[in-house]
Amino acid sequence: MLGVPRAALLTRDDVDDAAAARFAALLDQRAGRVPLQHLTGRAPFRHLELAVGPGVFVPRPETEQLVEWALARLAGVDAPVVVDLGAGSGAIALSLAHEHPGARVTAVERDPQALEWTRHNAALRAAAGDRPVTVLAGDMTDPALLRDLDGTVDLVVSNPPYVPDGARVPREVADHDPPLALWGGPDGLDVVRGLLTTAARLLRPGGALGIEHADQQGSALPALVRGTGEFSDVADHPDLAGRPRFTTARRTARD
């Protein structure tokens, strides 16, 4: 807010009235449960700092584990084809492009407001020297989505809407995260069902799939993936707090 490094605050005896008033206004907003990331306009994620604000889901630290897994799957692949379904701020897609410079990443987002944030962050990262990420408006459950990539994708990754309808969530989430990024139907897996069909179509044989989920879906989502008959090596992974957090699988050979 003052435009000075944190260490410089130790040498300041006071601040001017205008800065004090701005700080008081920010405190009032935070007390009203406006997310801190909306107040600063920034959200750290792995090695990036992303622009965020109203209309886009604020990336969470838990999702960093999904990216870590994805990077391990891509190790040794010079130019992997990657698709991020439901990109939001672009946290996953842009992190993969930043940390695996050879990756050809496509980010798909259906919410028009969130899509503007995806595009904005993608432009910032491209300007910073990262390989540009292709950003597309689209629904991850659309049978026509990315037909030109059918059977060629090395990795499909997603942090989809997975909160069950009617679940209690913190006020910051309920009031400020976009509904299209949160609610996933009665069991939270409605969108994921369509996502699995899309992923099975896009992935090459042996291609990898990673999907984040809610704590309570650590059994249901792997069962859903197995039930498609399209994937093998289905596994679930905990976050750093030990809670079930994301499911992974490998595309089986096509008939």
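Cβ atoms are placed via backbone N, Cα and C, with glycine included.
According to TrEMBL, the S-adenosyl-L-methionine binding site annotation covers Gly86, Ala87, Gly88, Ser89, Gly90, Glu109, Asn159. The substrate binding site annotation in TrEMBL covers Asn159, Pro160, Pro161, Tyr162. The compositional bias 'Low complexity' annotation in TrEMBL covers 243-255. What TrEMBL lists as domain 'Release factor glutamine methyltransferase N-terminal' is 2-41. Per TrEMBL, domain 'Methyltransferase small' is recorded for 79-165. The region 'Disordered' annotation in TrEMBL covers 235-255.
Sequence features, as recorded in TrEMBL, placed on the structure.
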residue : record                               : Cβ neighbours (10 Å)
Gly86   : S-adenosyl-L-methionine binding site : 26
Ala87   : S-adenosyl-L-methionine binding site : 34
Gly88   : S-adenosyl-L-methionine binding site : 29
Ser89   : S-adenosyl-L-methionine binding site : 28
Gly90   : S-adenosyl-L-methionine binding site : 32
Glu109  : S-adenosyl-L-methionine binding site : 29
Asn159  : S-adenosyl-L-methionine binding site : 25
Pro160  : substrate binding site               : 20
Pro161  : substrate binding site               : 24
Tyr162  : substrate binding site               : 25
Chain residues in Cβ proximity to the region 'Disordered' (235-255) (below 8 Å; excluding those fewer than six residues from its ends, i.e. six or more beyond): 61-62, 65-66, 69, 151, 199-200, 203-213, 215-219, 221-222, 225, 229
Env. residues of substrate site, Cβ within 8 Å of mean position of Asn159, Pro160, Pro161, Tyr162 Cβ: Gly86, Ser158, Val163, Ala181, Gly184, Val191, Val192, Ile211, Glu212, His213
Listed in sequence order, residues not in Gly86, Ala87, Gly88, Ser89, Gly90, Glu109, Asn159 with Cβ within 8 Å of the centre of the S-adenosyl-L-methionine site Cβ atoms: Val56, Phe57, Asp84, Ala91, Ile92, Ala93, Ala107, Ala114, Thr118, Ala181
Cα-Cα distance linking Pro160 (substrate binding site) and Gly90 (S-adenosyl-L-methionine binding site), given in Å to the nearest integer: 13
Cα distance (Å, whole number) from Ser89 (S-adenosyl-L-methionine binding site) to Pro161 (substrate binding site): 14
When distances run from the Cα of Tyr162 (substrate binding site) to each of the binding-site residues Gly86, Ser89, Glu109, the nearest one: Gly86
Candidate binding-site residues Gly86, Ala87, Gly88, Glu109, pick with smallest Cα gap to Pro160 (substrate binding site): Gly86
Helix, strand or coil at Glu109 (S-adenosyl-L-methionine binding site) [DSSP, three-state]: strand
Average model confidence [pLDDT] within the domain 'Methyltransferase small' (79-165): 97
